[in-house]
Structures are given as C-alpha cells and as structure tokens.
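Down below is the structure, laid out as structure tokens.
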C-alpha cells in the first residue's frame, strides 16, 4: 500500500504529537494487545506482563524507537526495518498476524491519547503506515 504525500504528512505530524510519550504509548499498546489478544503472550514467556512491568515498558521503548525510525524513513521502510524483519522472521519466529494485532492496539492507544488529532484522515494514514511496517516485517517469512 503506497503512502501518498498526504499520508506521509499525516503520519509525520501525528508521530510528532506523540513526542516524548512514544515509549509509554508503545508499552500501553503492548499491554492492550496482551489483554485483548492473550495468545500474543506466548512470545513473551520470560516477561513479567503485569501492568507497569519494566520489561513491557522496555519492549514498548523498542517498538516506539523502531516506529520513530520508520517515520523518519517513510520512503525506505524495507531498508530501514531489514534487521528487525530478519530478527522476527528467523530468530523469534513471530506469527505474522501479531503485527496486525499490535498495529490495531497502537491505533487504539493513539486515538485515546490524541483524540483531537486523530481525525479519519490521520487514522487512515496511520493504518496504512502500520500496514506497510507489518508487511516489511513479514517480508522475510517467505
């Protein structure tokens, strides 16, 4: 799914509003995913998955950092996320559906925290962006 110029602008503007909260929102999205889709917990058997867990916060920071990097390289997501794609496909062997579940959880989290900025157009642009990220992360499964 190709991001239009308007989509890219919307994604950059929305992620800019996230600002210093990116890690916290990433952790909240993970918590939301674990609660809404309990099967996703199977990939984190060594984590304390309770609310406010340092491990979930730490992984939320990693998710947010990867997304921040992706937002900065919207024209080269495959190159930007290549190492993460390798990691998730070959070492972690994460079921590709989980990227969609995390994307959904992140959209809900952003909608909760940025209600005035989360317009239908921004929602659509972020959804397309996260779908593209998911596609790149699962590209090496084939």
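Just so you know, glycine gets a Cβ as well, placed from its N, Cα and C.
The O2 binding site annotation in Swiss-Prot covers 59. There are 17 other CB atoms within 10 A of the CB of residue 59 (O2 binding site), with all protein chains counted.
Classification of residue 88 (heme b binding site) by DSSP places it within a helix. Under the heading heme b binding site, Swiss-Prot lists 88, citing sequence analysis as support.
The domain 'Globin' annotation in Swiss-Prot covers 2-142 and is backed by sequence analysis.
Here Swiss-Prot flags 4 (among others) as phosphoserine. For residue 4 (phosphoserine), the Cβ neighbour count at a 10 Å cut-off comes to 10, with all displayed protein chains included.
The N6-succinyllysine feature in Swiss-Prot is assigned to 8 (among others). Around the Cβ of residue 8 (N6-succinyllysine), the same chain contributes 74, 125, each under 8 angstroms and 6 or more positions distant in sequence.
DSSP assigns residue 12 (N6-succinyllysine) to a helix in the three-state reduction. Counting every protein chain shown, 14 other Cβ atoms lie within 10 Å of the Cβ of residue 12 (N6-succinyllysine). Per Swiss-Prot, the feature N6-succinyllysine maps to 12 (among others).
In the shown protein chains, 14 other C-beta atoms lie within 10 A of the C-beta of residue 17 (N6-succinyllysine). If you look up Swiss-Prot, you'll see 17 (among others) marked as N6-succinyllysine, on the strength of similarity to another entry.
Swiss-Prot lists 17 with the feature N6-acetyllysine, giving similarity to another entry as the kind of evidence. According to DSSP, residue 17 (N6-succinyllysine) sits within a helical segment.
In three-state terms derived from DSSP, residue 25 (phosphotyrosine) belongs to a helical segment. Among the features that Swiss-Prot reports, phosphotyrosine is placed at 25.
Here Swiss-Prot flags 36 (among others) as phosphoserine, drawing on similarity to another entry. Listed in sequence order, the residues of the same chain lying 6 or more apart from residue 36 (phosphoserine) and placing their CB within less than 8 Å of its CB are 101, 105. DSSP assigns residue 36 (phosphoserine) to a helix.
Feature annotation from Swiss-Prot assigns N6-succinyllysine to 41 (among others); the stated evidence is similarity to another entry. According to DSSP, residue 41 (N6-succinyllysine) is assigned to a helical segment. Cβ environment of residue 41 (N6-succinyllysine): 34, 49 lie under 8 Å away, each six or more residues apart in the same chain.
Under the three-state DSSP scheme, residue 50 (phosphoserine) falls in the coil class. For 50 (among others), the entry in Swiss-Prot reads phosphoserine.
The phosphothreonine annotation in Swiss-Prot covers 109 (among others) and is backed by similarity to another entry. In the three-state DSSP assignment, the secondary structure recorded for residue 109 (phosphothreonine) is helix. Neighbour count (other Cβ atoms within 10 Å of the Cβ, all protein chains): 23 for residue 109 (phosphothreonine).
Residues or ranges marked as phosphothreonine by Swiss-Prot on the basis of similarity to another entry: 135 (among others). Taking all protein chains in view, 16 other C-beta atoms sit within 10 angstroms of the C-beta of residue 135 (phosphothreonine).
Non-local neighbourhood of residue 139 (phosphoserine): 78, 85, each in the same chain, at least six residues away, with C-beta under 8 Å from its C-beta. Secondary structure at residue 139 (phosphoserine), as computed by DSSP, is helix. What Swiss-Prot lists as phosphoserine is 139 (among others), and the listing cites similarity to another entry.
Shown are the recorded positions 25, 50, 88; of these, the residue with the fewest other Cβ atoms within 10 Å is 50. For the pair formed by residue 109 (phosphothreonine) and residue 17 (N6-succinyllysine), distance between Cα atoms is given as 13 Å, rounded to the nearest Å. For the pair residue 17 (N6-succinyllysine) and residue 59 (O2 binding site), the Cα-Cα distance reads 21 Å.
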